[in-house]
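TrEMBL lists 60-98 with the feature domain 'RING-type'. The coiled coil feature in TrEMBL is assigned to 146-210. Positions annotated as region 'Disordered' by TrEMBL: 237-305. If you look up TrEMBL, you'll see 252-269, 288-300 marked as compositional bias 'Polar residues'. Annotation comment: TrEMBL describes 470-512, 556-596 as repeat 'WD'.
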Amino acid sequence: MGGGGGERNSMGVLVPTVNAGETSAPAGEETEAAVVGTEVVVVTERVAEEEEEVDKDILCPICMQIIKDAFLTACGHSFCYMCIVTHLQNKSDCPFCSHYLTTNHLYPNFLLNKLLMKKSARQMTKSATPVEQLRQAIQQGCEVSVKELDSLLSLLMDKKRKMEQEEAETNLQIMLEFLQCLKKQKVEELNEIQNDLQYIKEDINAVEKRRIELYRTRGRYSAKMRTLVDDSSAMTVRSPFRDKGSGAIVSSPVNLQEQGRAGTSQTRNTDTRAPRNPQIVQRKDDNQGGSDSQDPNQPGKSLARKRRVHAQFNELQDCYLQKRHYWARQSQKQGERVANIMNREGYSAGLEDFQSVLSTFTRYSNLRVIAELRHSDIFHSANIVSSIEFDRDDELFATAGVSRRIKVFEFSSVVNEPADAQCPVVEMSTRSKLSCLSWNNYTKNHLASSDYEGIVTVWDVTTRQSVMEYEEHEKRAWSVDFCRTEPSMLVSGSDDCKVKVWCTKQEASVLTIDMKANICSVKYNPGSSAHIAVGSADHHVHYYDLRNISQPLYIFSGHRKAVSYVKFLSNYELASASTDSTLRLWDVSENVPLRTFKGHTNEKNFVGLTVNSEYLACGSETNEVFVYHKAISKPAARHRFVSDDQNDPDGDMGSFFISAVCWKRDSPTIVTANSQGTIKALVLAA
């Protein structure tokens, strides 16, 4: 025993096994059960195989689907009627055995059709729902007792009531969720409206308070002027003589003569002042009468401005609320400090901002022509002006285009002299058609140009000679721009998909940015020599930091076609134009879109873009100039060029388009040109 036990321990733990003598069932029974199970499996498989074979037999050899409208051939094969007829139209044989066959050898297979109908009915019965099976049983005349029908009807009614209750609960739940969502939305809208109303009430109180102060100030001014008028009148009529007996002073003859001369001089001075005094009195009376202004045309101007407000009421409303919300958010960020800051008129920051928009937007409504000249050239029939740019002091403006000439005009002469006497003060010829101009902001006589051969040239307008020529671009250069903060630097963009930065002190480019699409426009940020905006044919505006050109600092997306122009309104406001007939305004400091401007038509041509601190202006392919206020999406003013072409007596707008525009800085004056070569100086007017 002991030895055996030690032997077992040395072998380790064994897996328990069942001995043959310890089984609960005899071996014979196990064998019989296994045989029975095997037979069942075999029978099941055989039935399945037979069903599968049957299914193959009822398939049409042509379409491999269950036969429909079975027809039998003379060679003993069945097909769908349409399948075999279609086959016999092309061939005269059996698709199964290739035996000769025509339509005369086809016969209806009634037996197979009957079997197929029964099989189809069985399949429908197997796949039918319990309700359909019950309906079929009743229709087939299955006998059911009244009691069984009652119990069945009762069961069905209970099921129906349960389903109706569940459906009603589901509908109520959906309705409740909808109403709660609607309530939440309307509460948010109500809170927003209440906040807006609070802003409006505060601003109404501020404006009314300011009006009262103005009325009081005007009243004090009128009273002071009335006192001065009365004193002046009293001095005029006072007698210089007084009797001794009455305490008067009697003058000598010499004094009488001097006083006579003085009186004559004083009377003359009084006569010269006399026309002014009635005006002062009249103003006083008008003020007491509550007149808004002394200018007889002022009521009409005020009415016109009010009409502009009502015409663009929705746009102005959105602008007002946008500015109020913006300053409210700023106040929350800065701990209510901004909200409490009032200007000298007692306005909040948001109201002051909107007042600036309202006053500038309603001030103008149209563009008036103040000068016109022709950019014609006897040596070139093409007159399209591609670029117009004012110099540093707004005294000169240069034009360039497909005529291969840069012409510099003196603005004051253009405005003041007759159109027939207009001649450029400087004219320079180039080898290729010109696409863009840019004046140096520091060196007044330096002007850069880009042309269709990809050459970027820096000109000295005084000597009419080129200072530098850069020929690295491989294709047409569309745009060039001098840096304002670093006047020796300039940037250009070309169809070769490259942006190049140049220095007037070097002969080669300083920096090159390779992009994936054609470059249509480039522009330096006016407050930085390290940031440029690039308008590309890939529909995007790319904003680069030149200290890291591996990727753009921002990419502004929104245009649906090529971006043809980019211009900066300020250090953080960037405008872009596209051939999708829109202008867009972007905030480059926060990387957000601000506004989209629509109204002009631009689908294929370069129509120009110019901006100042408040307005954007662009051309249109309808031969019109459009002006937008930067806070309002719709045009503030427009002007149409009327064609003077003899071959176009109707002045068809579709024949020509505006090709260049340029603001005169800090002025409502804009110089524009169209593809016909007509240049006009326009000014914003009421």
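The backbone N, Cα and C atoms fix where each Cβ goes, and this holds for glycine too.
Predicted automatically and left uncurated, TrEMBL annotations should be read as such.
Since this is a predicted model, take the numbers as computed values, not measurements.
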Chain residues in Cβ proximity to the repeat 'WD' (470-512) (below 8 Å; excluding those fewer than six residues from its ends, i.e. six or more beyond): 435-443, 446, 448-458, 518-524, 526-529, 532, 534-535, 544, 546, 549
Residues of the domain 'RING-type' (60-98) by DSSP state, where helix covers H, G and I: 10 helix, 9 strand, 20 coil
Model confidence over the repeat 'WD' (556-596) (mean pLDDT, whole number): 94
